[in-house]
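Undergrad: Shown below is the structure under consideration.
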């Protein structure tokens, strides 16, 4: 069987965890191909809410093998804290595996992340402070430490020495902080070796062998399209490629083996941290969406910025990722709103743009051009088919589908796994 990839189509927090959880019972492997413990997702199973950060949502699917892929950066302390938290609640994490080629987040990455943000002041990007960016910087600069290095103390020490030589200069002379001892970091990593060893695999070989055997592999991208370091609203982005192409790189699964690219998109739009957001609401309606949708970061607790659905972004995300399907989430949050605006184009300094502006400057100047749709007041959380939806809700969904240019194959009408309208089978259709 070919592989399937799930990608956030906005700025994150679209509900990728719910989509993965919904499909998890029908797949054999769930892979997290990028990111670290900087992007949380919430999964609700049987009324129980699970907030996951580093672990794939597939960890809660009893039949799937969850894998942290080679494209991730792993904070080992956070990893085992998350495992212990799930096991304390009765979850089985014994199938979890970690790629030997995944990079590690060191304590000095977290220190650098926090002091750099403070140093930038008003120009800060709004990172989570968990060291993800600095870890990816080391990876690209060939100064990174990988999971496999924890099992060779000699290589580990060499790599830590090489990395700290530069970082201590920066910490002491620029940020006026104490230097970090090599022994301190080496001992920190070695303390996890025994527990980590049975989890580590050659993930590229395992996943491609599984595909050869007819197994179904689901790749669960972290963050989202417009946080992608190449395709996002740079520089207000993450440090990896959370797009469909990045999922291929971060899992070791070749692009020709991916049969479905599924975009996860909210029925409105949210964003955390700094950066442009054309449809953002600054009034009571923005507060309403934030409160009703529970729009607060899983990791940081920060309130998410809220705005209306942006069809321009949806079309661009579909183009970048080659989406075959959209999974729309949180339609129920819009219940009770009298009239719902949808952004269909931008006005950039008096010029209409039906597609994403080419430059950062133009996007910062973009003002939404709206079309308006009548709302609904009926409770839709029990709907399981399009026909179950009130007429206005159904018209809204069909209009978004047409504007977005990709078929809507699933629609979330509540937080639980079963509160979903499935229009097209996301695996076999």
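Here the Cβ of each residue, glycine as well, is placed from N, Cα and C on the backbone.
Per TrEMBL, GTP binding site is recorded for 12-18, 40-42, 304, 330-332, 412-414. Annotation comment: TrEMBL describes 13, 40 as Mg(2+) binding site. Look at TrEMBL and you will find 13, 14, 15, 16, 38, 39, 40, 41, 128, 142, 223, 238, 302 tagged as IMP binding site. The feature active site, proton acceptor is assigned by TrEMBL to 13. What TrEMBL records for 41 is active site, proton donor. What TrEMBL records for 139 is active site. Among the features that TrEMBL reports, substrate binding site is placed at 298, 299, 300, 301, 302, 303, 304.
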Undergrad: Inside 10 Å of the Cβ of the residue listed as 'active site', count up the other Cβ atoms and send me the figure.
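TA: Counting Cβ neighbours of the residue listed as 'active site' within 10 Å gives 19.
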Undergrad: When you tally the Cβ atoms that lie within 10 Å of each candidate's Cβ, which of the binding-site residues (12, 15, 301, 303) has the highest tally?
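TA: When each Cβ's neighbours within 10 Å are tallied, 12 tops the list.
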Undergrad: Write down the Cα-Cα distance for residue 38 (IMP binding site) and residue 12 (GTP binding site), rounded and given in Å.
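TA: Given the Cα positions, residue 12 (GTP binding site) is 11 Å from residue 38 (IMP binding site).
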Undergrad: Between the Cα atoms of residue 304 (substrate binding site) and residue 13 (Mg(2+) binding site), what distance do you get, rounded to the nearest Å?
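TA: On Cα coordinates alone, these residues lie 9 Å apart.
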Undergrad: Write down the Cα-Cα distance for residue 139 (active site) and residue 38 (IMP binding site), rounded and given in Å.
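TA: Counting only the Cα atoms, the answer is 17 Å.
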Undergrad: Rounded to a whole angstrom, what is the C-alpha distance between residue 302 (IMP binding site) and residue 13 (Mg(2+) binding site)?
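TA: If we compare the Cα positions of residue 302 (IMP binding site) and residue 13 (Mg(2+) binding site), the gap is 12 Å.
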Undergrad: DSSP three-state call for residue 302 (IMP binding site): helix, strand or coil?
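TA: Going by the DSSP assignment, residue 302 (IMP binding site) belongs to neither helix nor strand, so it counts as coil.
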Undergrad: Looking only at C-alpha atoms, tell me how far residue 15 (GTP binding site) is from the residue listed as 'active site, proton donor', rounded to the nearest Å.
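TA: One finds 7 Å between the Cα atoms of these residues.
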Undergrad: Please give me the recorded positions out of 40, 41, 139, 223 that lie within 10 Å of residue 18 (GTP binding site), comparing Cα atoms only.
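TA: Those near residue 18 (GTP binding site) - Cα within 10 Å - are 41, in sequence order.
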Undergrad: Between residue 42 (GTP binding site) and residue 223 (IMP binding site), what is the CA-CA distance rounded to a whole number of Å?
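TA: That separation, Cα to Cα, works out to 13 Å.
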Undergrad: Need the DSSP three-state call for residue 40 (Mg(2+) binding site) to compare against my parser.
TA: coil
Undergrad: How long is the line from the C-alpha of residue 139 (active site) to the C-alpha of residue 41 (active site, proton donor), rounded to the nearest angstrom?
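TA: With the alpha carbons as reference points, the distance is 25 Å.
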